[in-house]
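Data first, discussion second: the structure below is written as structure tokens.
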């Protein structure tokens, strides 16, 4: 159909959710950006005849990049440069709610930022940055239309899925203290991780539809009589449940590609343009 925007889906894998075999006709592409190199090579290919670009792990192929040191700007810029209209990400997270059990999926709709050391904008006045200052609206950080697709697919597949949740992103790489975990619950956070911020913010600045499939692996450390979060426990739960996130991705991508996103993408582009304050000459 003339005038309909062609969909290309970027995929960012999280801890334990980084299988490049989901793509057909894979081609590795090493790229550079004005902000440096992304976490790993991009893998170009198709999922059910839909063009996709996979960044298999934001932490690097051997999980050598701490959450603080992930080059989020390069990752998002690289996917934008490849023409991605959407970014679907997977992330491990801790649950801050009794009802979100380990192994459950959460389609996140909000975030709380507790990071302290990360570049959060493409417009910060540096030599590689875009001109001006971008005051991007963040009332609805995640793409509602994309989230609806993911929620619908999860229900159809019979996967236990929470249709919303506020993700609090901490700096890491350490896990929370018990006092912090209890405080985050009082703040209204539902799940906790180390990577959603600034990824979701940068995607918004790039005018890309961004949605996150979060998998709860543990109860962090707030819950009495429950084993506190540990690397071993996170990886064990991921190994047992990673197929849930993969199934949602593989089923959702062709449905996303069949929809018309022209109006929404144009609206997002206009929002970015209206959010940038340029210097007066």
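Cβ coordinates come from backbone N, Cα and C, glycine included.
It should be emphasised that the depicted structure is a prediction, and the values quoted were computed from it without experimental measurement.
Feature annotation from Swiss-Prot assigns phosphate binding site to 15, 58, 59, 91, 92, 195; the stated evidence is sequence analysis. Secondary structure from DSSP puts residue 92 (phosphate binding site) in a beta strand.
The feature substrate binding site is assigned by Swiss-Prot to 194, 218, 219, 220, with sequence analysis given as support. The Cβ of residue 219 (substrate binding site) has 22 neighbouring Cβ atoms from other residues within 10 Å, across all protein chains displayed.
According to Swiss-Prot, the feature site 'Important for substrate specificity' maps to 176 (among others), an assignment based on sequence analysis. For residue 176 (site 'Important for substrate specificity'), the same-chain residues lying six or more positions away in sequence with a CB closer than 8 A to its CB are 94, 170, 184, 192, 220, 221, 229.
For residue 231 (site 'Important for substrate specificity'), the count of additional Cβ atoms within 10 Å of its Cβ stands at 9 [all protein chains shown]. Taken from Swiss-Prot, the feature site 'Important for substrate specificity' covers 231 (among others), and the record attributes it to sequence analysis.
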Review point. What is the Cβ neighbour count of residue 59 (phosphate binding site) at a 10 Å cut-off, with all protein chains included?
Key: 22
Practice item. Would you measure the largest Cα separation among 194, 218, 219, 220 for the substrate site and round it to whole Å? Key: 15
Check your understanding: When you tally the Cβ atoms that lie within 10 Å of each candidate's Cβ, which of the binding-site residues (218, 220) has the highest tally?
Key -> 220
Exercise for review: Restricting to the same chain and to sequence separations of six or more, state which residues have a Cβ under 8 Å from that of residue 194 (substrate binding site).
Suggested key: 67, 169, 170, 171, 172, 173
Point to revise | When distances run from the Cα of residue 219 (substrate binding site) to each of the binding-site residues 91, 92, 195, the nearest one | key: 92
Revision key, fill the gap. For residue 218 (substrate binding site), the three-state DSSP class is strand
